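Student: I'd like to ask some things about the structure below.
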Amino acid sequence: MASVLVYLTVMAAALAASASSGAAELTPDYYSETCPHALPTIKFLVGAAILREPRMGASLVRLHFHDCFVNGCDGSILLDDTDDMIGEKTAKPNNNSVRGYDVIDTIKSAVNTVCLGNVVSCADIVAVAARDSIVALGGSSYDVLLGRRDATTASMDDANNDIPTPFMDLPALLSNFDSHGLSLNDLVVLSGGHTLGYSQCLFFRSRLYNETDTLDPAYAASLDERCPVSGDDDALSALDDTPTTVDTDYYQGLMQGRALLHSDQQLYQGGGAGDTDALVEYYAENPTKFWEDFGAAMVKLGNLSPLTGDEGEVRENCRVVNQE
């Protein structure tokens, strides 16, 4: 009898622990009862923003990346600086570069309206907006796990230290991704997010003028016109030949020496010399598999250190913490 009681006690404790853990887990249907109109509203407004400016899709995907790489997917990138806090917006990887804040503001306001209150976190809105951008521009959908809460602080120093830069070599990229619990395969497939968007001259000038051995000459000549040796730091060039379409042109470009960024070309050394070469060739030839793996990697990215349960808060305004 005593052994049965011990068994039941252990089982009860395990179930309680499981229930407690489950309550803090992200789920795709987190808002199905509390605000069933939230996800359709986000999808509609993301689509409208991309219709106005197709480039915005890439910006919203990048916003999610840069949010998650700094202390997890917690919406901290959206916080404005205050007298007591210098946040992530003015960090080197983000300043005058990351965009989409106004779109998130619009979505948050609309979602608060359809939810009849402050229900959906800013961190979740950023994650869903990234997925909806990918779908709107031709990619495959995937289930976004939801239930994140918002950070109450942000750090410029953490953003400067944690976000991978376009100047990194492959070992530094692998180390950075590994520090976030992401693998070599994650690095290659998530870099495929550069199938969308543009980069400023400031970030590819060094590659253009110092890496002629790995840069297609005709491609380099086309870049010369937009990115001089000095000046025009903000001039934009596309990351691949189809910057508003989700496809595998990005990987094909790497194989042709047409990577705009140093960090991207690091993924393909040619001749199978690099650890990542085979993956680049595989995704270049298998777009369906890229879409599938990219969705899975985005889910993994979205699971980086989320705030759940009683952690953080759900911000009323994504730019500022709630007032007590």
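Using the three backbone atoms N, Cα and C, a Cβ is placed for every residue, glycine included.
Annotations in TrEMBL come from automatic prediction, not curation.
Checked TrEMBL, it gives:
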- His66: active site, proton acceptor (ACT_SITE)
- Asp67, Val70, Gly72, Asp74, Ser76, Glu88: Ca(2+) 1 binding site (BINDING)
- Pro164: substrate binding site (BINDING)
- His194: heme b binding site (BINDING)
- Thr195, Asp240, Thr242, Asp247: Ca(2+) 2 binding site (BINDING)
- Cys35-Cys115: disulfide bond (DISULFID)
- Cys68-Cys73: disulfide bond (DISULFID)
- Cys122-Cys318: disulfide bond (DISULFID)
- Cys201-Cys227: disulfide bond (DISULFID)
- 25-322: domain 'Plant heme peroxidase family profile' (DOMAIN)
- 1-24: signal peptide (SIGNAL)
Student: Same-chain residues six or more away whose CB lies under 8 A from the CB of Cys115 (disulfide bond)?
Tutor: Tyr31, Thr34, Cys35, His37, Ala38
Student: What is the set of residues, excluding Asp67, Val70, Gly72, Asp74, Ser76, Glu88, whose C-beta falls within 8 angstroms of the centroid of the C-beta atoms at the Ca(2+) 1 site?
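Tutor: Neighbours within 8 Å of the Cβ centroid, excluding Asp67, Val70, Gly72, Asp74, Ser76, Glu88: His66, Cys68, Phe69, Asn71, Cys73, Gly75, Ile77, Ala151, Ala154, Asp158, Ala159.
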Student: Given the recorded positions Cys68, Cys73, Pro164, Cys201, which one's Cα is the least distant from that of His194 (heme b binding site)?
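Tutor: For His194 (heme b binding site), the closest Cα among Cys68, Cys73, Pro164, Cys201 is found at Pro164.
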Student: In whole Å, how far is Cys73 (disulfide bond) from His66 (active site, proton acceptor) when you measure between their Cα atoms?
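Tutor: With distance taken Cα to Cα, Cys73 (disulfide bond) is 9 Å from His66 (active site, proton acceptor).
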Student: Given the recorded positions Cys68, Gly72, Cys73, Cys201, Cys318, state which is nearest to Pro164 (substrate binding site) when distance is taken between Cα atoms.
Tutor: Cys68
Student: May I have the list of same-chain residues other than Thr195, Asp240, Thr242, Asp247 whose Cβ is within 8 Å of the Cβ centroid of the recorded Ca(2+) 2 site, in sequence order?
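Tutor: Other same-chain residues near the Ca(2+) 2 site: Leu196, Leu239, Asp241, Pro243, Thr245, Val246, Thr248, Asp249, Tyr250.
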Student: CA-CA, which of the disulfide-bonded residues Cys68, Cys73, Cys122, Cys318 lies nearest Asp247 (Ca(2+) 2 binding site)?
Tutor: Cys68
